[in-house]
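**Q** Quick one: this structure, given as structure tokens, is what I'll be asking you about.
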Amino acid sequence: MSSFPNTVAEGRRSGKAPEKSTFSQTCSLLSQFLKEKRASADSTLGIGGKMEPKANTKALLGSLQNSDGALKLSASAMEFLPQLVENPCIKKSRSPGPESPQLTIFYAGKMLVFDAFPPEKATEVMEMATKLASNNSGTEESPPSLPVTTEKLAVSKMPQTNTSSETPKPGNQGVGSDMRYPRRASLLKFLEKRKERVNARGPYQMNNLKPEGSSSGGEPEDQCSKQFDLNF
């Protein structure tokens with residue numbers, strides 16, 4: 001800042017005409033001002049904080065070598081990429097295989113679901129189920145003699161049930177016998193009276209009746225008289 005006013009004052013004192021144009025002078029003064037500003041800024045940075053050390057030539061050469069190696073590695077990788085893309089074995093190994101489906105089994109009124117069940121195991125399970133079903137059907141069909149034995153047992157048991165059902169109780173038998181005798185006696189009386197009426201109305205009377213004491217042929221005569229009276 002001190003140089004700029006000094007030059008202006010010296011020019012005025014000398015009274016000489018400026019050799020350079022005002023534009024060039026202002027540009028030079030501006031460049032000097034900027035240089036002084038930069039110098040002051042560098043000095044303040046050096047006081048406030050440490051300056052970074054300048055890179056050595058060895059470090060620069062090492063970084064260049066490392067960059068060359070990285071470029072070589074990248075070039076070799078780019079050359080190897082088409083081989084990876086074209087190789088089908090690598091594709092198969094890296095490509096994820098298809099997920100195995102689920103297996104659902106209905107057994108004893110329940111639904112069982114197995115995740116990621118391979119198809120080979122499913123075929124084995126089906127074969128085992130068919131074998132067990134065939135064995136069970138064979139064991140059920142093998143003994144045909146069982147129904148015959150059951151029928152025989154049923155036939156042998158039938159008379160026992162019939163006898164037990166036919167045998168009346170003593171109380172019921174007495175009541176039935178008491179009811180049958182008066183009915184029979186009243187029926188006989190009715191038939192005798194009817195027979196007498198028929199004989200009285202007929203053209204001739206039947207005198208071939210046997211005495212009441214004959215017990216051997218009493219029942220067939222009563223039956224014949226019943227049939228005769230009913231026919232009339």
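Every residue, even glycine, has its Cβ placed from backbone N, Cα and C.
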**Q** Among 45-67, 91-113, 183-205, where does Swiss-Prot put the label motif 'Jas'?
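**A** That would be 183-205, per the motif 'Jas' entry in Swiss-Prot.
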**Q** With the ranges 150-157, 174-181, 182-189 to choose from, which does Swiss-Prot describe as motif 'Nuclear localization signal'?
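**A** Swiss-Prot lists motif 'Nuclear localization signal' for residues 182-189.
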**Q** Helix, strand, coil: count each for the residues of the motif 'Nuclear localization signal' (182-189), based on DSSP.
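**A** Across the motif 'Nuclear localization signal' (182-189), DSSP assigns the residues as follows: 8 helix, 0 strand, 0 coil.
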